[in-house]
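What follows is a set of notes on a single structure, which appears directly below.
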Amino acid sequence: MSHTSSLNTSAFMAELMAKNPAEPEFHQAVHEVVESLDHFLDENPKYKHARILERITEPERVIMFRVPWVNDKGEMRVNRGYRIEMNSAIGPYKGGLRFHPTVNLGILKFLAFEQVFKNSLTTLPMGGGKGGSDFDPKGKSDNEVMRFCQSFMTELYRHIGPNTDVPAGDIGVGGREIGFLYGQYKRIVNEFTGVLTGKGLNWGGSLIRPEATGYGNVYFAQEMLNTLGESFNGKTVLVSGSGNVAQFTVEKVNDLGGKVVTLSDSSGYIYDPDGISPEKLKYVMFLKNNKRGRIKEYADKYGVKYVEGQRPWGEKGDIALPSATQNEINETEAITLVGNGCKCVSEGANMPSTPEAIEIFIDKGILFGPGKAANAGGVAVSGLEMAQNSMRLNWTREEVDKRLQLIMHSIHKTCCQYGTKDNGFINYVDGANIGGFVKVADAMMAQGAV
Ligand code: GLU
């Protein structure tokens, strides 16, 4: 816990940690929010009297279940499945499914908690949820992934629905997995409804949904840069990750005249001083999405530097867009980034910066866009997919992209409204946390003891 914690915050956190032991990521996510809210709650005691903090940190429902499946050798396997239905005050539970060996209850509770605030910021009527499994799709055949997804949905279907809970993708869950999950849901329920988002284009998906998180993060960073009269044009950009978010981040940065010089995966990172051109990006998409290979192969193909076992934050860049996973920028890396002249960090991943790293960014007064604001474009377009499903209509690419840009603009505005300090500095962390909180808290107050 940071030394700046007030007595209020410390007491609240002590109780939360005792009640939710061994969930460090959940503690981290809650701590950041309660610190941002500390002063605001003193000024608005109605939320304290209504015990909103105590309620908003308690999931409405947690579902944990067995996922048995049979591998290609005919052997029985078992994983654990989860769905955290965190908050439905402003709409049906909404949030992705993560399939990764690191998944556990604490990780999914942190993600579900963040999702509540993120979804509130999008301006769309979506509550917050998250789910997934410790299943590792890496190295599994398509048939194994299909059998796993079918088994997972055979339990999950009874808890979700287009007006109840609408899952989507996250790490390890992309178009292939959403297809298998959707097919199984439809067989069991005998209904063609918008129960998942991130669907294929010809069976209910939305244009721009694959691009949305990466594009949205670049739009958000652009809004932040605008406040200083700056833009992406001519800037060197560090991106981590190499999956869906990272790929479309590179595409949009290229469109705006910037140059992305890094990408990574859990084994290491590549550094390409000439920049990842649209043509090289096509190769990355083939490598990751079709071949399901490792980023090292990029270095082999283009003869650039590959650094095993490291993250890209030691390289020089004007802007950093972390797009891999939680806690991927620590204090030392934050100091290096800022020391190397980085002026803007915008989070494409969920909680990629540690609390110590965030403190560095804020102390140094650089532009720092927290994930729950900066990466909200993904779930925002999921909300637009739900809207199109309800109308049984499809919007054009231009229409969805325009709405995405408007939503990112509005999220930025909300952050400024709640996060601008007396000296004019915009603390986007406080802005996103308070802005996301108010709408949900007011809805909970209006709905009584919920
Ligand atoms: N997993 C994404 C997120 O972290 C998207 C969720 C969704 O589209 O529901 O926001």
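Think of each number as a place in line: the chain as shown, counted from 1.
Even glycines carry a Cβ here, placed using N, Cα and C.
In TrEMBL, the substrate site is described by Lys94, Gln115, Lys118, Gly169, and among Ser346, Ser353, Ser382 the residue recorded at this site is Ser382. Distance noted between the C-alpha atoms of Ser382 (substrate binding site) and Asn244 (NAD(+) binding site) is 15 Å. Of the recorded residues, Thr213 (NAD(+) binding site) and Asp170 (site 'Important for catalysis') place their C-alpha atoms 11 Å from one another. Other Cβ atoms within 10 Å of the Cβ of Lys94 (substrate binding site), summed over all protein chains shown, number 29. With a cut-off of 6 Å between Cβ and the nearest atom of ligand 1, the recorded positions Lys94, Lys130, Asn244 reduce to Lys94. It is 19 Å from the Cα atom of Asn244 (NAD(+) binding site) to that of Lys118 (substrate binding site).
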